[in-house]
Amino acid sequence: MEPELEHTLPGTLTWSHSGGPESQEMDFLEQGENSWPSPAVATSSERTCAIRGVKASRWTRQEAVEEAEPPGLGEGAQSRPAAESTRQEATFPKATPLAQAVPLAEAETSPTGWDLLLPDCAASAGGSSTGDLELTIEFPAPEAWDCELEGLGKDRPRPGPSPQAPLLGLSWDDELQKPGAQVYMHFMQEHTCYDAMATSSKLVIFDTTLEIKKAFFAMVANGVRAAPLWDSKKQSFVGMLTITDFILVLHRYYRSPLVQIYEIEEHKIETWREIYLQGCFKPLVSISPNDSLFEAVYALIKNRIHRLPVLDPVSGTVLYILTHKRLLKFLHIFGALLPRPSFLCRTIQDLGIGTFRDLAVVLETAPVLTALDIFVDRRVSALPVVNESGQVVGLYSRFDVIHLAAQQTYNHLDMSVGEALRQRTLCLEGVLSCQPHESLGEVIDRIAREQVHRLVLVDETQHLLGVVSLSDILQALVLSPAGIDALSA
């Protein structure tokens, strides 16, 4: 008998939302009113502000927040239950404890010392409210997705011209020394992964005895890009099945003349992992709901993964899967309640946030197989598609590759990347981009509003200059103020 696609785990979840009115958290992805649980309520039902001594009321679209100090800035580090290790856990470096941050009420300077929003920066503050975000469902149309996965490889071809990097300023270190530059770092240290979890969401789990072909088709049918793998023999989660695995299947098939595609398709997931990925896959990296969002950001960027399972510390059950996009959206929504750092008004070119050199690109005339080679070798999640003049004409992501399975066209990897983009069910008009003169605040607002994972940095003639990704932004807002560079580690 074939195992079910959605594996039901024994046991009862120990983490659940209480039924009281103070804890009925509206999931913004499932509810039409775009409501989130207030982080102040999620971590402490009542929070006394350091300045005026008033309570912050529950925050939704229908309720206004009373004027108060931003949550998490006026008190010491919160005591939380220690996270129990259920899988491999990342080692997190020492960051500035929240208790060492100077409370606003005790500072000798006035509130203007936090570098609040200047009048000339008011335009970049637009779109910071939840009303500007199109927050609908957890899994939007697959064609609008970009892949967020990892990959492995050897040889990389060199398609496309080498883009010119903009002249970068050296002011980012100076900005981090200004008062208020650590406000987002403290916010993410103060709140836990439980705060960012949805009240209700879809979670697809595969048993390792499932055939790999059926698993990939199930991912397409359910609109997911990754699924936890359950080993019934070990009675534990052993990893994640991602689109990277599908890319590796195609890559091995095309690069090995003696291997037939149907032979790989009929393999079980456990066979694929043991034979074809021998020595390549790593133990599952997970996190506890008690751990801070700061640790979640570090684990995602440090391990170069795009899915971080939240495991129950007692039962080991997967409760939720955190992503870069979920964390930035959480920070973007509640960041409107925090003092606005001055660096949000600085331009991308001045701050140097993003990737500007040694960019992975692909020519629109190159075959899809060339794009697969770059995905495997460079471990990137998307490739800017350029023409012979170096102008950006599209964006080919890892998730576009799995469309080959949905359309039964994965035997035709010799088609051009441009043709593959035109065959997508959903044809996107243009490429979401930004320019060097735009401020960091404007870029963050656009990424959150459009629900994308990156913006392509171009000049006035649409020539490629760089890429600004979610990892770049989270590194700058959360980890850099703590003196941590997880991107280069």
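Yeah, the Cβs are placed from backbone N, Cα and C, and that goes for glycine too.
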Met240, Leu241, Thr242, Ile243, Thr244, Asp245, His306, Arg307 show up in Swiss-Prot as binding AMP 1; which entry in Val285, Val361, Val362 does that record put in the same site?
Val285
Suppose a student reads Swiss-Prot and sees Arg225, Lys325, Ser397, Arg398, Phe399, Asp400, Leu432, His453, Arg454 listed for AMP 2. Which of Arg422, Arg424 should they find annotated at that same site?
Arg424
How does the domain 'CBS 1' (197-258) divide up by DSSP, counting helix, then strand, then coil residues?
24 helix, 16 strand, 22 coil
Can you give the mean pLDDT for the motif 'AMPK pseudosubstrate' (293-314), rounded to a whole number?
95
According to DSSP, collapsed to three classes, what secondary structure does Arg307 (ADP 1 binding site) have?
coil
So, three-state DSSP: helix, strand or coil for Val285 (ADP 1 binding site)?
strand
For a quick check of packing: other C-beta atoms within 10 Å of the C-beta of Arg307 (ADP 1 binding site), how many?
20
Fewest other Cβ within 10 angstroms of its own Cβ, chosen from the binding-site residues Met240, Val285:
Val285
